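**Student:** So TrEMBL says this about it:
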- 1-563: domain 'SecA family profile' (DOMAIN)
- Gln74, Gly92, Glu93, Gly94, Lys95, Thr96, Asp485: ATP binding site (BINDING)
- 76-239: domain 'Helicase ATP-binding' (DOMAIN)
- 395-566: domain 'Helicase C-terminal' (DOMAIN)
Amino acid sequence: MNKIDKRLHFLLGKVKEECKKVKELSDYELKNKTNEFKRRLLAGETTEDILPEAFAVCCEADYRVLGMFPYDVQILGGIALHLCYLCEMNTGEGKTLTATMPLYLNGLTGKSTILVTANEYLAIRDAEEMGQVYKFLGLSVKAGVNRDTNEKLDNETKKDVYNADIVYTTHGALGFDYLINNLVRSKEDRFMRDFYYVIIDEADSVLLDSASMPLVISGSPRVQSNLYGITDFFVTTLVEDVHYTLEDKKVWLTTKGVEYVQRYFRIQNLYGKENYDILRHVVLALRAHFLFDKDIDYVVTDKGEMVLLDKSTGRKLNGMKLRGGSHQAIEEKEHLELSDEQRSVAAITYQNLFNLFPKMSGMSGTIADGKDELLEVYHKQVVVIPPNKPLARKDLPDKYFKTSEEQFDAVIKETVKRHNTGQPVLLIASLISDTEMLSKLLVQENIEHSVLNANNAFWEAEIIKEAGQRNVVTVATSMAGRGTDIHLGPGVKELGGLCVLGVGRMNNTRDERQARGRAGRQGEPGVSIFYTSLEDDVCEILGDDFLEKYIEKDKHISKRRIKKLINKSQKIKSESSVFQRKSSVDYDSVMQRQRTIMYKTRNDLIDGKNLDENVLVQIVGNNIDEFFAKHKNVDDFLMNRYILDNLSYRLKKLSISTADKKEYLKQYANRAFNDKKQLLGKRFSEYCRLCTLSALDEGWVEEVDYLQQLQAAISGRSTAQRNLLFEYQREARISFEDMEKSIKKAMIRNILLGEVSFGKDNEMIILYP
Ligand code: ADP
């Protein structure tokens with residue numbers, strides 16, 4: 001027994017001792033234990049101090065309320081979960097009940113305690129069924145998802161949910177809620193408490209398989225502007241050095257050019273706020289025409305799509321888009337259909353989401369296979385909990401075929417054979433298309449069956465529950481109905497229990513064990529066989545040419561050779577996913593660092609942290625310094641433009657006694673600042689906070705969007721990963737610095753140019769420039 005196991009067993013002994021005492025308590029006394037524990041925690045005892053007693057109380061409540069007393073192995077699992085290990089417990093061992101103990105114990109702290117399940121069905125089911133136990137013991141419990149997944153919970157309901165002592169939800173809902181909670185504009189709209197303890201059900205699927213998929217909140221597509229077309233044409237009428245100047249990969253309008261734009265678009269002042277859109281589009285069109293060259297910076301594909309090129313390598317940057325309308329401007333120049341401008345507003349990966357919990361644990365039937373990776377990436381140890389009753393399922397050796405035709409043929413034959421005896425058969429394929437094919441073949445054999453494609457968890461749970469009944473044939477993908485208990489119907493034990501037929505090698509051995517685990521729960525009989533062929537999806541990795549050579553009709557190939565090839569493919573495939581996940585951790589850590597800074601700043605603002613006025617004035621000054629550094633010759637025209645863009649909508653001649661232009665602007669700015677301050681009086685600091693928040697969000701949204709695109713483009717390329725990562729980090733740092741600068745400009749602009757009115761509750765309504 002290793003050190004961890006010893007500790008778990010030691011604590012198990014303590015829990016069992018307490019169980020004897022607790023048995024004697026009346027219901028009233030048992031319930032009262034919750035208050036006692038809470039008091040003791042407040043008085044300084046730790047959750048570990050009270051673990052034996054609290055677990056015992058929960059076990060007894062499980063028994064009194066649900067009629068199930070946790071087995072010793074479940075108590076062991078519960079302890080391991082509390083100690084933040086990742087627990088491997090076979091399917092059917094009762095993970096749902098196991099989780100009640102650590103959830104109860106951690107719920108007693110009054111801090112946010114959450115269990116995430118694989119789907120909505122399980123979250124609602126477990127919150128209802130296990131919820132009875134917590135309620136009996138005086139803790140509150142809520143499900144964080146709706147039965148109808150299209151119906152979103154409103155803010156008030158969410159507040160209610162996340163205030164509950166124990167929450168059951170899905171990882172998707174939790175992730176999105178976290179992002180939404182960090183997009184709110186005021187304290188009152190927040191609905192989440194700080195994270196404390198989480199148990200992740202099906203942890204391998206969440207922490208490994210879905211880990212690098214980011215959750216992204218997209219803004220609605222921006223309304224497509226009709227200015228792209230007009231400005232695009234307009235720009236073709238311009239003459240270099242008369243209307244615009246090109247220098248150093250930069251392009252700008254000359255004074256003549258500006259006048260020409262004003263005449264052309266019949267406007268008074270191109271730099272006026274009301275003409276911002278025209279200005280922006282003219283600039284975009286100028287850049288599209290004079291800074292971006294076809295076949296150097298981008299190509300136009302046969303499908304009429306514009307794809308950017310990596311200039312150093314000439315490789316296509318598929319999926320990468322230029323920001324802020326540049327992409328559309330180039331599309332317009334090439335007369336292509338304009339793509340939607342849709343931005344990512346917020347994003348996070350599961351890896352980072354769960355790393356936000358000070359205490360994270362997980363459970364799954366198949367997590368031990370990923371233990372090295374989990375240790376490396378999450379610094380989490382896997383503990384394997386032995387089964388309550390020895391496994392009686394027979395896992396027969398895999399069957400190997402050259403073509404999928406032979407493979408499917410054999411699967412159907414086996415199904416028919418077993419079905420004729422009345423034995424239930426569950427066919428599991430990794431691809432949806434394979435489930436459809438199997439279904440067709442079963443129809444040809446006149447075998448009634450259900451097909452589950454992981455579309456609707458509620459409906460599928462109902463069907464898969466029946467998969468262990470006599471004569472029933474079910475076809476499912478590996479994710480469908482995961483986590484739902486399959487009970488054997490009367491007489492099925494005698495027929496050998498449930499028969500699981502796996503179709504095709506899966507991407508990793510975890511998925512296969514998961515499939516086999518549908519049979520043989522709690523020491524029941526069962527059987528599993530996998531049917532594989534060289535046409536399985538995993539073998540794609542060997543390359544089409546290579547495969548074709550083998551699959552040719554008349555060519556003989558030994559079973560041993562097929563086996564070797566298939567095993568090799570699976571190994572490459574799972575190793576490459578491990579590699580991909582590790583690199584996504586590296587990429588994501590960049591965004592994570594930035595997000596931490598931004599969310600902290602944001603939260604401080606929302607919580608009412610006041611901005612130092614001196615700092616604001618200093619930023620105003622810095623912005624002006626920067627403007628002068630950028631423009632060598634600041635003439636009256638530029639001065640006025642700066643004022644209109646940044647300081648005031650009305651150009652006033654102020655009696656400022658200085659000839660120095662920079663000094664003049666600074667004094668002008670200070671007056672504007674003081675005017676605003678006077679106007680708003682007591683509410684000036686609130687106003688500044690809101691203006692800053694708005695600038696912050698605008699900048700951060702751009703940054704998130706940009707990082708998403710940059711990462712997608714860079715990580716899509718596979719060579720020289722290290723350099724790419726380095727490049728990405730550098731780009732990300734630069735863009736973060738740019739963002740900080742633009743936020744500083746925007747916040748001052750917001751403060752000086754924002755227009756305030758007050759609503760009926762005297763709340764501030766700001767019209768931002
Ligand atoms: P898992 O999620 O580990 O696959 P479940 O939580 O779905 O397993 O539980 C499997 C079945 O075992 C359920 O029907 C549950 O009611 C039952 N069960 C779990 N623990 C116990 C127990 N201690 N005593 C009796 N039945 C139990």
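The chain as shown is numbered from 1 upward.
Each Cβ is built from the backbone N, Cα and C atoms, and glycine gets one as well.
Automated prediction, rather than curation, is the source of TrEMBL annotations.
Not measured: the values here are computed from a predicted model.
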**Student:** What are the other residues, in sequence order, whose C-beta lies within 8 angstroms of the center of the C-beta atoms of Gln74, Gly92, Glu93, Gly94, Lys95, Thr96, Asp485 at the ATP site?
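**Tutor:** Going along the sequence, the neighbours come out as Met89, Thr91, Leu97, Thr98.
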**Student:** Fewest neighbouring Cβ atoms within 10 Å: which of the binding-site residues Gln74, Thr96?
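**Tutor:** Sparsest of the binding-site residues Gln74, Thr96 by Cβ contacts within 10 Å: Thr96.
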**Student:** Quick one: among the binding-site residues Gly92, Gly94, which has the most Cβ atoms sitting within 10 Å of its own Cβ?
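**Tutor:** Of the binding-site residues Gly92, Gly94, the most buried by Cβ count within 10 Å is Gly92.
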**Student:** On the three-state reduction of DSSP, what should I expect for Lys95 (ATP binding site)?
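**Tutor:** Assignment for Lys95 (ATP binding site) reads helix.
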**Student:** Where the record says Gln74, Gly92, Glu93, Gly94, Lys95, Thr96, Asp485 bind ATP, what is the longest distance in Å from one Cα to another among those residues?
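**Tutor:** The widest Cα-Cα gap among those binding residues is 16 Å.
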**Student:** Out of Glu93, Lys95, Asp485, which of these binding-site residues shows the lowest number of other CB atoms within 10 Å of its CB?
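**Tutor:** Comparing Cβ neighbour counts within 10 Å for the binding-site residues Glu93, Lys95, Asp485 gives Asp485.
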**Student:** Averaged over the whole of the domain 'Helicase C-terminal' (395-566), what is the pLDDT?
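**Tutor:** Its mean pLDDT is 88.
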